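Participant: Sharing a structure below in structure tokens format, with a few things to ask.
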Amino acid sequence: MKKGKLIVFSGPSGVGKHTILSQVINNQELNLAYSVSMTTRKMRSNEENGVHYFFVSEDEFQKAIENNELIEWAEFVNNKYGTPRAYVEQLRNQGKNVILEIEVVGALQVIQSYKDDGLVSIFLLPPSLDELKNRLVNRNTESESIIQERLAKASNEIDVKDHYQYQIINDDPKQAANELIEVIKHAISQ
């Protein structure tokens, strides 16, 4: 059986990664498996361990880092998030194309580590920073100061887009999802 690809899909907060991926993940032709991350964050009432995240203690996460059991990891809002290496490799060895929807910091770690091992890296861009600001404002989930922080971070993240093999502009979610499907089809045929 042919080993599956590792697909890194990232972009700034609010660009529409989850929206686009939800339109693509069940496409049978792509044989995708969504990677489940490990986190020290507390489980929410609507979440299930092993489905939404692998919920672990701070000590367990630290051991995973020390034992090189994570492909990448980062800290956000006092919680750690990472991608378990054994889980991803098990899926890839089953022939699945594993997709990681992760932050740019983690994505750059994966790009560096996996560049010679079936990696496909895709960056989702907003049409403009103004449009990204509109999307963040329309979410109605963050204060103005948080939105400004996210925009500053987005600007820095967009600066590293050339580290990715493919770039898709999310001007229209349906079109961006179709482009993502075509990019993945092309990449897995290699």
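Even glycines carry a Cβ here, placed using N, Cα and C.
Keep in mind that TrEMBL annotations are predicted by a computer and have not been checked by a curator.
As annotated in TrEMBL:
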DOMAIN    4-185  domain 'Guanylate kinase-like'
BINDING   Gly11, Pro12, Ser13, Gly14, Val15, Gly16, Lys17, His18  ATP binding site
Participant: Can you list the residues of the same chain, besides Gly11, Pro12, Ser13, Gly14, Val15, Gly16, Lys17, His18, whose Cβ falls within 8 Å of the ATP site's Cβ centroid?
Facilitator: Leu124, Pro126, Asn170
Participant: Show which residues of the chain containing Val15 (ATP binding site), separated from it by at least 6 in sequence, have their CB under 8 Å from its CB.
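Facilitator: Within the chain, Val15 (ATP binding site) has Cβ neighbours under 8 Å at Leu124, Leu125, Pro126, Leu132, Arg135, Ala154, Asn170.
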Participant: Measure from the Cβ of Gly16 (ATP binding site) and count the other Cβ atoms within 10 Å, all protein chains considered.
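Facilitator: Result for Gly16 (ATP binding site): 22 other Cβ atoms within 10 Å.
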Participant: Please report the three-state DSSP label of His18 (ATP binding site).
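Facilitator: SS state of His18 (ATP binding site) = helix.
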Participant: Quick one, of the binding-site residues Gly11, Gly14, which Cβ has the fewest other Cβ within 10 Å?
Facilitator: Gly14
Participant: Average the pLDDT scores across the domain 'Guanylate kinase-like' (4-185) and report the rounded value.
Facilitator: 94
Participant: Write out the long-range same-chain contacts of His18 (ATP binding site), meaning residues 6 or more apart in sequence whose Cβ is under 8 Å from its Cβ.
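Facilitator: Set apart from His18 (ATP binding site) by at least 6 residues yet with Cβ under 8 Å, we have Glu101.
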